[in-house]
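Peer 1: Take a look at what Swiss-Prot says about it:
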DOMAIN    125-602  domain 'Peptidase S8'
DOMAIN    370-456  domain 'PA'
CARBOHYD  Asn37  N-linked glycosylation site
CARBOHYD  Asn136  N-linked glycosylation site
CARBOHYD  Asn380  N-linked glycosylation site
CARBOHYD  Asn462  N-linked glycosylation site
CARBOHYD  Asn677  N-linked glycosylation site
CARBOHYD  Asn724  N-linked glycosylation site
SIGNAL    1-28  signal peptide
Amino acid sequence: MEQTKYRMELVLLLGLISMLSFIPASIAAEEGQEHDNLTTYIVHVKKLEIEGPLQSTEELHTWHHSFLPETSNKDRMVFSYRNVASGFAVRLTPEEANALQEKEEVMSIRPERTLSLHTTHTPSFLGLRQGQGLWNDSNLGKGVIIGVIDTGIYPFHLSFNDEGMPPPPAKWKGHCEFTGGSVCNNKLIGARNLVKSAIQEPPYEDFFHGTHTAAEAAGRFVEGASVFGNARGTAAGMAPDAHLAIYKVCSSKVKDECPESAILAAMDIAIEDGVDVLSLSLGLGSLPFFEDPIAIGAFAATQKGIFVSCSAANSGPHYSSLSNEAPWILTVGASTIDRKISASAKLGNGAEYEGETLFQPKDFSSQLLPLVYAAAEKNNSSALCAPGSLRNINVKGKVVVCDLGGGIPFIAKGQEVLDAGGSAMILANIENFGFTTLANAHVLPAVHVSYAASLAIKAYINSTYTPTATVLFQGTIIGDSLAPSVAAFSSRGPSQQSPGILKPDIIGPGVNILAAWAVSVDNKIPAFDIISGTSMSCPHLSGIAALLKSAHPDWSPAAIKSAIMTTANTLNLRGLPILDQRLQPADIFATGAGHVNPVRANDPGLVYDIQPEDYVPYLCGLGYSDREVTIIVQRSVRCFNVKSIAQAELNYPSFSILLGSDSQFYTRTLTNVGPANSTYTVKIDVPLAMGISVSPSQITFTQVNQKVAYFVDFIPQIKENRGNHTFAQGAITWVSDKHVVRTPISVIFK
């Protein structure tokens, strides 16, 4: 009964989503008119100086309530944080917030912000095969708990069945907030809703995002998965036998859809519950780490040995457009896979331009139809096929060219064409999107084509009085040799907050990804859909991290990150450098270390390890104040007493050098996780306009877990050698008879 009721609610919500209208619930409805000016604030306070930890949650709440105005009531407290921060979220008036700021114990107080979501075949594409390699060594992730912080989940999907799965590990402390005892199981072991609203509800999906990301990370094997008959095969996440814990932090039913206070609360509870991996496909943009809730929460998680994977954001191809930049986070960009859901635009002059679409109706005629680009007849709004823009334009029975952009969802553009009587749509890329095309479940026959194709199609329209076109459908095609390539939307580095740390760290599958969906888009059950974004690449890496954690339970979060980065692929299936959306070699700020190779990451040979305490000198070196560092690390820090280090001195599995006229000298320490007796020789790919000296040029290990340091001198050359280049890239690679350990280098010229 509960499942049927939820399906009905989701169908109604899907209709609302298609109209792009949400009706938010009022968080403060029950508090009365006198509290209309209350705002949620995030408050960081000094740790209570007592011997040992607080004895109970009640003691913590009592202490936090002591900061509140005497006239306020307990309903003002939104969350008390125990693990991720020394502080709480509370609803105050601006005057009360100003008064609280004056208290000596208060280190920081500011209004909370709203975070944004970063919205079958991939296991095979990544080399994961049943009974072999990493899937075999890790038992498909068995015993590892992945915490997914997202929009909730549709728990009844077959991707979350628990057939043959053991109970969760004894360390698991979480619980399930779904009503009915059979909703959670040995696969979906916990689910919480952290979004505070007038009516508290179970953590059901209402954004059509969290179900997909959870299934990508750890969905079970489901045969016969497809959407509109395309991408048919067996669906599976990266770690099919890992346990899932779901933390809902976003809801369409509240004003601030992904509130910061809920995200901190989810990370706080996940740490307490005992997760091994945290996956967050959301972000706030670039913020100082002491103001970034994910950076603060992730540091606390890292201290507990929890691996944190986050999406890089979808603001590419612009430089310095990243979210989630902290070095203790794995920052994941998006790449294509070798599967295309292919279609083409055929013009009256005989030319055909390849593209993609998910909706491929078999009854659509290949007969040529009149072709129109509405911008030539009206204005920019009609060129974008904005809602209502085609109302007074004759598009009935025609193929309509719609430009990408304008903040208008792809599906909404097609809906406008359909409502105006159009027969088909050609979705035309703008320059920034280049050759990146997406397969969407359009509402009418459509094809998404590249920027080069869009220019050619518009030139054809202008060349004749009677332009015609149609859309041809080719279905699923596997074997695109240009994969992986970097998606146009994938956010790029360098990091704004810490340019001395290379970001993103890695790229992974994030374009046209099939996974579980809450409501069927093609009237088939179980439901699947194909969507794109760094939101999709993040859970791929979260699942891969879970596999590595299962195969190597003694590895630290930093060691797992190092294994992923130093074994990454830098070539596509054709054996050429990975390309970007222009079909040009992608630079290091697009790819980071490269494209994830989970099979090689399982046996990296060497790793760069970092302990949580090592980040303190780095944070002081960023110029943060004692108070700001204390907010992040949750203990009193005086940078005067800490030997600060430059950003590039952190023992990171990459180098990011800000190079002026002086040489720079850095040390790295490698830990042997390969054969006890092994020798590595250095190979240097020297970046443009500089020299590199590495000493020693050969390193030998005689024990497992032995550590050996090496030293690197970065030597600038004359500025004229740089030409117009503002940065350069290269690599230091350690090679043995069994392993290749690549450390990428970015150089930003000052």
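Just so it is clear, glycine is given a Cβ too, placed from its N, Cα and C backbone atoms.
Predicted, not measured: the structure shown is a model, and the values here were computed from it.
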Peer 1: Kindly assign Asn462 (N-linked glycosylation site) to one of the three DSSP-derived states: helix, strand or coil.
Peer 2: helix
Peer 1: In whole Å, how far is Asn136 (N-linked glycosylation site) from Asn37 (N-linked glycosylation site) when you measure between their Cα atoms?
Peer 2: 57
Peer 1: So if I draw a 10 Å sphere around the Cβ of Asn380 (N-linked glycosylation site), how many other Cβ atoms end up inside it?
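Peer 2: Cβ-Cβ neighbours of Asn380 (N-linked glycosylation site) within 10 Å number 13.
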Peer 1: Within 10 angstroms of the C-beta of Asn724 (N-linked glycosylation site), what count of other C-beta atoms is obtained when all protein chains are considered?
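Peer 2: A 10 Å sphere around the Cβ of Asn724 (N-linked glycosylation site) contains 4 other Cβ atoms.
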Peer 1: How does the model score the domain 'Peptidase S8' (125-602) in terms of mean pLDDT?
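Peer 2: Taking every residue of the domain 'Peptidase S8' (125-602) together, the mean pLDDT is 94.
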Peer 1: Name, in the order they occur in the sequence, the residues of the same chain whose CB lies under 8 A from the CB of Asn677 (N-linked glycosylation site) and which sit 6 or more residues away.
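Peer 2: Listed in sequence order: Phe701, Thr702.
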Peer 1: Quick check: in three-state DSSP terms, what is Asn380 (N-linked glycosylation site)?
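Peer 2: Assignment for Asn380 (N-linked glycosylation site) reads helix.
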Peer 1: What's the CA to CA span in angstrom from Asn462 (N-linked glycosylation site) over to Asn380 (N-linked glycosylation site)?
Peer 2: 17
Peer 1: Could you give me the DSSP helix, strand and coil counts for the domain 'PA' (370-456)?
Peer 2: 26 helix, 18 strand, 43 coil
Peer 1: I'd like the Cβ neighbour count for Asn462 (N-linked glycosylation site), meaning other Cβ atoms within 10 Å of its Cβ, all protein chains included.
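Peer 2: Result for Asn462 (N-linked glycosylation site): 9 other Cβ atoms within 10 Å.
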Peer 1: For Asn37 (N-linked glycosylation site), name the DSSP secondary structure in the helix/strand/coil scheme.
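Peer 2: Going by the DSSP assignment, Asn37 (N-linked glycosylation site) belongs to neither helix nor strand, so it counts as coil.
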Peer 1: For the glycosylation sites listed here (Asn37, Asn136), tell me which residue's CB has the most neighbouring CB atoms inside 10 Å.
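Peer 2: Result for the most crowded candidate: Asn136.
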